[in-house]
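Record features (Swiss-Prot):
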type     : residues                                 : note
ACT_SITE : E109                                     : active site, proton acceptor
DOMAIN   : 115-354                                  : domain 'Radical SAM core'
DISULFID : C122-C359                                : disulfide bond
BINDING  : C129, C133, C136                         : [4Fe-4S] cluster binding site
BINDING  : G183, E184, S215, S237, L238, H239, N316 : S-adenosyl-L-methionine binding site
ACT_SITE : C359                                     : active site, S-methylcysteine intermediate
Amino acid sequence: MSEQIVTPESSTPVVLNNETKINLLDLNRQQMREFFKNLGEKPFRADQVMKWMYHYCCDNFDEMTDINKVLRGKLKEVAEIRAPEVVEEQRSSDGTIKWAIAVGDQRVETVYIPEDDRATLCVSSQVGCALECKFCSTAQQGFNRNLRVSEIIGQVWRAAKIVGAAKVTGQRPITNVVMMGMGEPLLNLTNVVPAMEIMLDDFGFGLSKRRVTLSTSGVVPALDKLGDMIDVALAISLHAPNDTIRDEIVPINKKYNIETFLGAVRRYLEKSNANQGRVTIEYVMLDHVNDGTEHAHQLAELLKETPCKINLIPWNPFPGAPYGRSSNSRIDRFSKVLMSYGFTTIVRKTRGDDIDAACGQLAGDVIDRTKRTLRKRMQGEVIDIKAI
C-alpha cells in the first residue's frame, strides 16, 4: 500500500512506492515525526532515528539496534539516509581541509577549518551564485540551482563522519557552522532554514544558535522573513563604506542599498538572541578600492547606529580577478581608524589559501543555467520565497 509524505520542497504529497524513497536527511524533526506518523509509528521513533543519524553519523537502518526489526524493515522499504559523497579532498599546510562534494552531476565545496579552541565548517547553500559580487570566485561560475536540505545538512553529516573517524589524528570535532560557502543562503530559505534547524536540534547536531552563522549580501525581504523563521547568528557581506563603491562590487546593492540593508539588519537584531545584540560586518580589503583611511572613517560613521563587530578580510585572489590584496600596512591603518571609534575590529586570518579554500575562493564545478536576464532579476528583486 502506498504512503504519502510532504517533502520540504513542496506541499504536494509524494507517493511512496518501490521506486521512490524519502531521503531522511531532507526532513527536520517536525517533518520526521509526521513521516513516522504516516508509517503508523509513534513520534519518539523519529527522535530515535534522528539520534542515530546525527549523533553517530549512521546511514544504515540495520545498525540502529534500539529500533525493532519490523520498523527497520519498513524503513528500508520507503526511506534512505543518503548524504552527498566527497569526490576530492585537499589538505592545506595550516590544517584546513577542502572537500569537493558531488551534488548530482556537479560539485560544491565545503571547508573544515580547525583552530585551537574550535573547528568551523563552511557550508555551501547553492550550486554557484547569481549575485555576481566582483571579488568572489564563486560568483564568476554562474548559477545552477539551490541545494536541497539533504545536500546542505549532508555536508555537515559527511564532514562529521570523516572527522569523527579520524579522531586518532587529533582532528577537532565540528563546533561551529557558517553558511558562507557557495551561494546566497537567503535565496534558498526553503532549504537553508530546515537544514539549520537540524544543526540546532538536540536530536540533530545540537549546536548552539550562537555557533551557527548565516552570511548574506543583502536580500532584504528574505532577511526580514528569516527573523520570523529561525534565530541564528548573522554576518553581513558589506565590503564598502558607501553606495558608490558597493554598487560596483556587490551589484545587489543597486536594488537594496546600504541604508535599506542595515535597516533590515537592525530589525533582525531586535528579534534575535543568538547575536547578543550585534552583527558581524564582513569587509573584504581590496587594494586602493575600499581600503583607504577615508573609507575607514566613512565606514565608522555608517555603522554608528548598528551594534556590530567588524571582520576585515584580506582579499584572496583567483585567476582573472581585477583586484589586488591590500597591503598589511593599509589594513593596519584601516583597522586602527575603526578601533579609534570604539569598534571591535578583527583582521581575519587567511586559512587554506594554498588549496583555494579561503574566503571568496570556492568555485566547485558549476554548469551555469542562469541566463543573464534571470541573474539580473535575482539581483534586482526577490524571487518568490515560497519558490526558492
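Heads up, the Cβ atoms here are built off N, Cα and C, so glycines get one too.
The structure, with features from Swiss-Prot marked on it.
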residue : record                               : contacts (Cβ under 8 Å, 6+ apart)
C129    : [4Fe-4S] cluster binding site        : C136, T138, A139, Q141, F143, M182, G183, E184
C133    : [4Fe-4S] cluster binding site        : A139, S217, S237, H239, I249, V250, P251
S215    : S-adenosyl-L-methionine binding site : V178, M179, M180, P185, L234, A235, I236, S237, E282
L238    : S-adenosyl-L-methionine binding site : R246, I258, F261, I281, E282, Y283
Per-residue Cβ crowding (10 Å cut-off), top of binding-site residues S237, N316: S237
Rounded inter-Cα distance in Å - C122 (disulfide bond), N316 (S-adenosyl-L-methionine binding site): 16
Candidate with the highest Cβ count within 10 Å, taken from the recorded positions E109, E184: E184
H239 (S-adenosyl-L-methionine binding site) CB neighbourhood, other CB atoms within 10 A: 25
Distance, N316 (S-adenosyl-L-methionine binding site) to E109 (active site, proton acceptor) (CA atoms, angstrom): 16
CB contacts for G183 (S-adenosyl-L-methionine binding site) [other CB atoms within 10 A, all chains]: 30
Packing count at C136 ([4Fe-4S] cluster binding site) (other Cβ atoms within 10 Å of its Cβ): 27
